[in-house]
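**Q** Sharing a structure below in structure tokens format, with a few things to ask.
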Amino acid sequence: MIAPEHLRGMPASPGLADGPIFVLAEMFADERAAGTPEDERAALKGAIAEASTGIADLMGQSGEEGAAILEFQLAMLEDDALAEPAYEMIAAGASALAGWRAAMDAQITGFETADDDYFRARAADLADIRDRVTAILTGSAAQTVPPGSVVAGEDITPSRFLQTDWSRGGAIVLGDGSPSSHVAILARARGVPMVTGIGKADFASHRRALVDGGTGNVVLSPDGEAEARYRERCRIDAAQRHLAEAHLLKPAVLADGERVQVMVNIAAPEDVDAIDIASCDGVGLMRSEFLFHGETALPDEKAQYLAYRKVLEWASGKPVTIRTLDAGGDKPVQGLTVEEANPFLGLRGIRLSLTRPDVFKSQLRALARAAVYGDLKVMLPMVTVPEEIDEAARLLDGCLAELIGEGVPAKRPQLGIMIEVPAVAILPERFARAAFFSIGSNDLSQYVTAAARDSSAVARLNTAGDPAVLHLIAHVAGEAKRLGIPLSLCGDAGSDPVLLPALLSAGLRTLSVAPTALGRVKSAISQIRP
Amino acid sequence: MSVPAQSTKVLMIHEAGLHARPSVKFTKLAKRFGAAIEISAQEEGPWIDAKSIVKVMATRIPKGTMLHIRATGEDAGEAIAALSALVEQDFEDETVEGGA
């Protein structure tokens, strides 16, 4: 019998899981030493040939439009000139993977910086080719995660998370990664237990794991004692869940009876299909990035309009806050964001939108059209100076005038801002022209603590529980009250039972949380006497 | 002794320029000939291999460019006639690829 191994990482998404371990192949790929140049050359040649066959097969199953795109990808792959720089790097000692990625990244950058939209849009095809061959080289192409598995590895990509079937349980345990990563946000939204930053562990020599996403405890090859403790945790968890369910459909109130608004954060219009509108006070944050992750180009106005309208109709008159595109940082968008050495401090959020009025205006037009269908509020991310609000308001008014001129029904939504840049949190009165404030506690914490969200090494520093972050939140709450500006908080701090009392004491009365946290948060609020 | 190159020029009228699908057609047609075929956006070059879609795409030839084609080899004349006809016929009236 294999001895149990107890590990402790950062809790990234609460919940308990007991399942077979599934080791992600990428973990080994990164560590795989390069073979001889001959081996690596053969490996790349083989992977390209396999990818070509895969695309040819796919062409047979695709419609005319899809087949034409694939035909282009196939022609590129079959042209020896594509991998030539990679073969040169391999001859000089690089691994097949390193050579291939460098060659393709250079190609992709070339397309991304083209003057012409048609050529720029092809960057996505090149990225598709790059990833297809990479998947074959790393052996991850054939990997399908069996449902119910505890997925273990160095890190996991958002696309891998989304491809996995979580309907029958399972969990994620990562050697690296961070509770603030986007995969962690997805995991919390789906209710998948997740632990990050566990360090080096030999997952492959174990077959089963117990995971407690709430505490960060993981036991590999559990013995009887570990199992008994796990059962006890499950019992307590079930009791808490029962309490949460009892609160789910009731309005949130503090112990003294004062009402608290609890809204939901959503990432895609389909998310609302699983939420009972009666269980929340509206949408406090709808992210709009999902629309910008298509394979080809940026979404058009109509696709956006339909997505926003769906959520507004579902909300049946309750407020819906939609955040304009928050690309950049750790959320690159093909054909829009730029490569930067310091992306979290770079061209992201409203900064990026204002440099691309063509893209921004199609979003504002879609929002103004959807506003007819409910109580829409539009929120600008990463605002740093008041002029950014003026600029956005000017563009919004322009879009509205255009729409009216075209005879298209439209309405001006309220325009508010995220408070996530310390410059705004320190002097909120400069931003009094905003119709509302919403504290983005995740980014505010990373900027106040100077600890990046995507770094596991500094994840312990990056917490909204830091006294300086809580002090700023309380300051913003006081200023918002004085200025008469509605305030909410839409970061993860709002669903953290440890931080909730401090947030409510600071004066916050509107929180927006992951849909899976609604009952739990309401139950916790009912115990608090601020 | 080298065979003198044959050449011609033809105006790119395709809405998207020598873009993905036109490039696929162009390079596929070029590969049917034994002749060495090169294209350029300027009379003085640089000349690039008309049979390599990677190189043709990298040149990013926009609409309205005067495309120069030159070929050397036995079937050079036919190659040039076929390729310039393809461009002149706007890649068989292919519809423009949308941005989406």
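Including glycine, each Cβ sits where the backbone N, Cα and C put it.
According to TrEMBL, the protein carries these features:
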DOMAIN    A:8-122  domain 'Phosphotransferase system enzyme I N-terminal'
DOMAIN    A:146-216  domain 'PEP-utilising enzyme mobile'
ACT_SITE  A:H182  active site, tele-phosphohistidine intermediate
DOMAIN    A:249-528  domain 'PEP-utilising enzyme C-terminal'
BINDING   A:R287, A:R323, A:N442, A:D443, A:R453  phosphoenolpyruvate binding site
BINDING   A:E420, A:D443  Mg(2+) binding site
ACT_SITE  A:C490  active site, proton donor
**Q** Do you know which of the binding-site residues A:R323, A:R453 has the most other C-beta atoms within 10 angstroms of its C-beta?
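**A** For the binding-site residues A:R323, A:R453, the Cβ with the most other Cβ atoms within 10 Å is A:R323.
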**Q** Report, as a single number, how many Cβ atoms besides its own are within 10 Å of the Cβ of A:R287 (phosphoenolpyruvate binding site).
**A** 20
**Q** Count the other Cβ atoms sitting within 10 Å of the Cβ of A:E420 (Mg(2+) binding site), across every protein chain shown.
**A** 26
**Q** Just to verify a number: CA distance, A:R323 (phosphoenolpyruvate binding site) to A:C490 (active site, proton donor), in angstrom, no decimals.
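**A** About 11 Å separates the two Cα atoms.
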**Q** Can you tell me the CA-to-CA distance separating A:D443 (phosphoenolpyruvate binding site) and A:E420 (Mg(2+) binding site), as a whole number of Å?
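**A** Cα-Cα distance, A:D443 (phosphoenolpyruvate binding site) to A:E420 (Mg(2+) binding site): 5 Å.
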**Q** On a simple 10 Å Cβ count over all chains shown, which one of the recorded positions A:N442, A:D443, A:C490 is most densely packed?
**A** A:C490
**Q** Reported as an integer number of Å, what is the Cα distance between A:R287 (phosphoenolpyruvate binding site) and A:E420 (Mg(2+) binding site)?
**A** 15
**Q** Tell me the Cα distance separating A:E420 (Mg(2+) binding site) from A:C490 (active site, proton donor), rounded to the nearest angstrom.
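**A** A:E420 (Mg(2+) binding site) has its Cα 10 Å from the Cα of A:C490 (active site, proton donor).
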**Q** Reported as an integer number of Å, what is the Cα distance between A:E420 (Mg(2+) binding site) and A:N442 (phosphoenolpyruvate binding site)?
**A** 8
**Q** Could you give the mean pLDDT over the domain 'PEP-utilising enzyme mobile' (A:146-216), rounded to a whole number?
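**A** The answer is 86, the mean pLDDT of the model over that range.
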**Q** For the domain 'Phosphotransferase system enzyme I N-terminal' (A:8-122), jot down how many residues DSSP puts in helix, in strand and in coil.
**A** 76 helix, 13 strand, 26 coil
**Q** Secondary structure at A:N442 (phosphoenolpyruvate binding site) (DSSP, helix/strand/coil)?
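**A** DSSP assigns A:N442 (phosphoenolpyruvate binding site) to helix.
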**Q** For A:C490 (active site, proton donor), which DSSP three-state class applies?
**A** coil
